[in-house]
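The annotation domain 'DUF4178' is assigned in TrEMBL to B:56-194, B:272-407. For B:442-461, B:595-614, the entry in TrEMBL reads transmembrane segment.
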Amino acid sequence: MKWFGGLVVLFYSAVVWSGWSPFTREERDRVPGNVRRSPGGVLLWTGGYMGGK
Amino acid sequence: MTQGRCPSCGADVEFTAGSAQVVVCSHCQTVVARKDADFEALGKIGRVVVTDSPLQVGAEGRYDGSAFQVVGHLQKDHGAGPWDEWYVEFADGRTGWVSESEGTVHLLFSGGVEEGLSLSDLHPGEKLRLRNRHWVVEERGHGKVIAAEGQLPSDVDPRADSWYVDATSSKGAIITLDFGVHASDPEVFIGARLKLEQLGIPPDQLRPRVRRKVDLKQARCTECNGPLELRAPDKSLRVGCPFCGALLDVSKGKLSFLRLLEKPEHAPLIPLGAKGTLRDTEWMCLGFLVRSCTVEGIRYPWEEYLLFNRSKGFVWLMNSQGHWVFLEPLAAGDVQLVPHVSAFFDGRRYKAYQNVHAVTENVQGEFYWEVTAGEYAEATEYVAPPYSINVDSTENEVSYTFGEYLAPEVVKEAFKLEAVPSPEGIVPSQPNPHKAKMLSTVLWSIGWLMLLLLVAGLFSATSLNKVVLDQQVTVPAEATPGTPSAMKFSEPFDLERRGNMKVYVAAGLMNDWMGIQGDLVNQETGEVVGFYEEVSLYQGSDSDGSWSEGSANGSLHLSALPAGKYVLRTTASYDPTPARVRNYTVRLTHDSPNGGWLCVAFVLLLLGPVFAFFRSHNFETRRWADSNLSE
């Protein structure tokens, strides 16, 4: 327990610091090219991107 | 002082002790009583034989602030050789009796007659309430006065077989009930167990320890003529011949054959005569016994080694399945006993482990009591590992011993043995090897848990935990679920720094469900983090009453997102019928510590103590599996 406990605390610190959430239902993607930007740089959606579906 | 001549032989006799009623003529062994101004002969008594006692008539000492002198000496025979009792008179007029046994002396004062006590009511091991104290009867026996010298308080009758009961109480208190030849109304003698030094007798007044029975030191077995080197001839009453198995009696000053025993299956692991140092005392191995008990038809043997030190007396080493226990004599009165349940000694509770009938099978070497093969004793063991209290009782005697478990290496090192057998199984007083480990594990776990909470507190204190979006969404009745018509874009919001995201979704539901597809879009990089959260709530009632299932809200954590400007697009999915307006809320909290990880870490830190506890508990379960007294 002497070393294991230290590893647990270290592991906890690392995952909280990194914000890692491996078990969440998230998906990472990028917006496609048919999404245009406004002059101010804000993306204008045309309905072309459907959230990965 | 009263002086005169012996009525029998005319030798000079004198009374120096005011309490003495008779004096033994040192010339002819006549017991002389003073009667007014005359002396009267009461008969002859045997001459004392030299024993190993350091006391002698005429010695002066000081006890409890009062000077005393040894004025008389009785030698009794309880069936196991001569037993010395010394009559002392104090300067303040008190009188008492001193006896010596294995390095300790007992000083007893007369306490008058106790009415209403019957010899037949007192049995070894039983408790007794007397003179405002609790006592435990240790021995019940009888014996005769065989010899006397000096001055004595009353006449001695060598023909009278007197009965006595010895009992002990706490703090070394001892009581002897002298029933004489009668079976009721004993004379009470109360006193204490002392060290010889406490009597304050100057060393030059103590008799040097002579080795009686010196002629026995190099004796030969009467059966096989094998050489028997007696190492404590002044103490031994029985000798077991290691060559032929003959059991010999030593009590009469010479060896006499008693019976032939079966030879032990193997030689003693500690050779007879071997010396070893345990607890800063050098012990010599004098005797070796094999004892056993039989439980449900299975014989369980063990070995006992009798160790001797001239100033410390006798102790035992017990070897059972390779496990060793060091045993010391203990006064029964020092132990509070609840028979077959528990014992209390020295502030510790001992739990009853087993009660068996132990039989002595084999005997080798020398013994200070009249050991006999085939001798049965009821043996009860109470344990508080690594310690134990052992109670051995026979019809006339009960003996208590205090045991402490020894690692085999300790015995091996002490007696310089080449090898000792490896321990097998678990013995009652064996310390639980996992208990210390469990304690260490628990302490480390507590330490790490505290550090974990500290770290979690630091993360919580330094996290932003900031609500960056709290959006109420209304889905029109004509929208089609999962399509852009049920889609909603948030206003852009900023994430100041890299951090995770907690998503909270709540919907106005009643016997309905709704799924929210969310897409967090980084406006600068075009990276998208999508998630889906579905909530449902159903309620109703049936014959068992009302019921409810699900929840109208839910949450999830997203991994860390880089700093930047984001927009959240949400698309609702739901059962399109009936068509109606639907509402839901999405709340995003940035850089919110994930409590789930804290729970995971907490559980991981508890795994060690839980494992250690079960391992320790398993050891205890196996230990107590062989107990015949545990519940």
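Cβ coordinates come from backbone N, Cα and C, glycine included.
Remember, TrEMBL labels are computer predictions, not curated facts.
Note on the transmembrane segment (B:442-461): residues 593, 598, 601-602, 605-606, 608-609, 612 of its chain, located 6 or more positions outside it, place their CB under 8 angstroms from a CB of the stretch. With a cut-off of 8 Å between Cβ atoms, the residues of this chain six or more beyond the transmembrane segment (B:595-614) that come close are 434, 437-438, 441-442, 444-445, 448-449, 452, 456, 557. On the 0 to 100 pLDDT scale, the domain 'DUF4178' (B:272-407) averages 91 in this prediction. Taking DSSP states H, G and I as helix and E and B as strand, the domain 'DUF4178' (B:272-407) has 3 helix, 100 strand, 33 coil.
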